[in-house]
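Everything on this sheet refers to the single structure shown next.
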């Protein structure tokens, strides 16, 4: 099995006043495992599955979620194929399967905040989301545990859908698990920001961030793509990542301010979203 790269692979030396760098960062997980996920021992044979998704195991919650998403995607295609697109369900099918439609959420169809996490718009959409969420999710599960992984995936994913519904309300239909996927990316970016002062190979980290931003750019276009949800998931995931690392021994000097800001953001976002979705006159 491929080794999951830890934060110590990026860190050069303990910051002043800290001697626990190597011990703390070796608890699994790494910044942006999507692009620099693992290291293999010399002569180790790694299967293509382990190369694509290091540390994969079928009992992982993220794997189970992925299988459910595949089943839902196949069912949505069976319900109706969109013309002139590659294996894409029709808009009517997306509505039937619970797409994010703010006007319907306002009248009580609350399930439309979570159902989009299992929907995909076309073949490229589901393949990209599955690869990213499995690759990052496995690393997050190793570091934070499966319960926290699920809390971030569904909690921040639903919150991002709420933000999207609050911002783009009238005549909108949005779908896709990308809001939750961007939440996972946000957590990884937060980790990277928190250990930046201790990173030895910053060039690799910069390349990783650039590739991440390219993914953000590419994933934000297309019919029914939820660009606001992507940004909401990324920002709220970043805030969650700041909070999740409060016990780190290599926190930067600005951590306390960042933690307070993240807590305020995570508390205010659902309240403001509910106000704009359910109380503020729209359309």
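Even glycines carry a Cβ here, placed using N, Cα and C.
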Looking at the ranges 62-82, 83-103, which is given as transmembrane segment in Swiss-Prot?
62-82
Highest Cβ pair tally under 8 Å against the transmembrane segment (179-199), stretches 62-82, 114-134, 149-169, 260-280, lands on 149-169
What same-chain residues lie close to the transmembrane segment (227-247): Cβ under 8 Å, and 6 or more beyond its ends?
100, 144, 148, 152, 155-157, 159-161, 163-164, 167-168, 174, 176, 178-191, 193-194, 216, 219-221, 255, 258-259, 261-263, 265-266, 269
Residue 230 (active site), number of other Cβ atoms within 10 Å:
24
Please report the distance from the Cα of residue 178 (active site, nucleophile) to the Cα of residue 230 (active site), rounded to the nearest angstrom.
6
